[in-house]
Amino acid sequence: MSIAKNLRRPSFGVAAAAAFLALIAAAALFPSLFARFDPVAVVGPSLAAPDPQFWLGTDLNGRDVFSRVVYGARMSLAAGVVAIVISVVLGGLLGMAAGYLGGWADAVISRCVEVLVSIPGLLLSLAVISILGFGVDKVAIAVGIAGIPGFVRIARAQTLKIVNLPYFDAALTSGTGGFKSIITHVVPNAAGAIAVVAGLDLGGAILSIASLSFLGFGAVPPMPEWGSQINEGRLYIATAWWWSLAPAAVVALTVLSVNRLSSQIGTKES
């Protein structure tokens, strides 16, 4: 059943999640259509409360919080997508190699995955960041590397299931090479399960990147990024609650929307 058919009659929650993600994606692609101010420019008084001019108030430097949240969508979403692409590509390749080759290759890859899985994802990301350095791009790579073990397991399981089916043996018997058989039979059949998990993990990747940026490993001020904005306003939560609450709410809603939509697709696929 196709994804389009799965979402043909969505519930209110799924429709709301899809609409919110479409809005966030549009803000990431065309931020100038939504934001009235330059995200790094001083446009008003310090710590101004939300009003008709500044919809989400201003920060300590007089920058418009709404504009910074809108422009921060591009960096936050892009980092999340990069992290997932790294996890899917590297994890998928390693998992398929382990499942198809078997033997010592499967044993080595599986043991390495078991070691990495025993380390909490955020801690593993911090270890990678300590090697690569700070910055949103480094954080995205670190989160992507931390997500590889999960996709190795999924790709390996799917590969083992497919290579043991009669039609795969028939393809090899007919003279089709191993690599071509994997591309023709394993990848298309494993793509559905991997895509569903990738969708679910995208929410986790966005949250992890925001968390690491909150800790100071991500975007360098005054670059707008959701996690960094939450960190900037945390000391003023009692007097300027809007500064941290706005980006925190967007992160939460984005993650919940991604998970809701991915769960719906996964339920229909199963």
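Glycine is treated like the rest: Cβ placed from N, Cα and C.
Any TrEMBL annotation is an automated prediction that lacks curation.
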>> Looking at 12-30, 240-258, which stretch does TrEMBL describe as transmembrane segment?
In response: 240-258
>> Out of 72-101, 113-133, 240-258, what stretch is closest in contact terms to the transmembrane segment (190-220), meaning most Cβ pairs under 8 angstroms?
In response: 72-101
